[in-house]
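Engineer: First the structure, then my questions, so here it is.
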Amino acid sequence: MGEEQQKPEELNAPTDDAPQEKQQPADLSSETEKAKSKKKQELSEKDQVVKIQAWWRGTLVRRSLLHAALSAWIIQCWWRLILPKIMEKRRQSMLDTFQQEQWAVVRLQSWIRMWRIRRRYCRLLKAVRTIQSHWRGHTCSSRGVIKGQYRISTSQMHLELEVLLGSGPCIVTECIPLPIKQ
């Protein structure tokens, strides 16, 4: 009986040949399967973590893009609101400048017209005084004798002067337009 018992033990006992090889791969395969499943689980957890991180980063980027788009939209609305006011101010400024330039031109033209009329009036006044002084008989013997007459119509003065100096008379006839404001 001892031998019989030994034989089954010997059969069950590990030998250097086949039985050890069969047990080791079974142990190794189960260990590798466990390791693989553990790695898969770790990888799947890593993948899930990466996916969550990617989703969160995407959410942050979308949020910042939405914020930027909203800010741009607000600025565009403000600009559309303020642009007509700026254009109206610019138009009003240009109108004011044009009005000032026109006023300056009209004022300058008025001064020039006034100066020309005043100059014409002063010439006329001088001629009238000369005629009046000589008409009244205030003649100077050294200058000679001045005789003259004038006629005033609605728009001009007709002047005829005769100056007697030396040998012969000098006759001056002139029509002077009168400065009439319209």
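Placement of Cβ uses the backbone N, Cα and C atoms for every residue, glycine included.
Quantities reported herein were computed from a predicted structural model and do not represent experimental measurements.
Sharing the record's features from Swiss-Prot:
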type     : residues : note
COMPBIAS : 1-10     : compositional bias 'Basic and acidic residues'
REGION   : 1-43     : region 'Disordered'
COMPBIAS : 31-43    : compositional bias 'Basic and acidic residues'
DOMAIN   : 45-74    : domain 'IQ 1'
DOMAIN   : 101-130  : domain 'IQ 2'
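Could you give the neighbours, burial and distances for every feature on this list?
Structural biologist: The predicted model assigns the domain 'IQ 1' (45-74) a mean pLDDT of 94.
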Engineer: Could you tell me what the rest of the chain brings near the domain 'IQ 2' (101-130), counting residues at least six beyond its ends with Cβ under 8 Å?
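Structural biologist: For the domain 'IQ 2' (101-130), the nonlocal Cβ contacts are 146, 150, 157, 159, 176-179.
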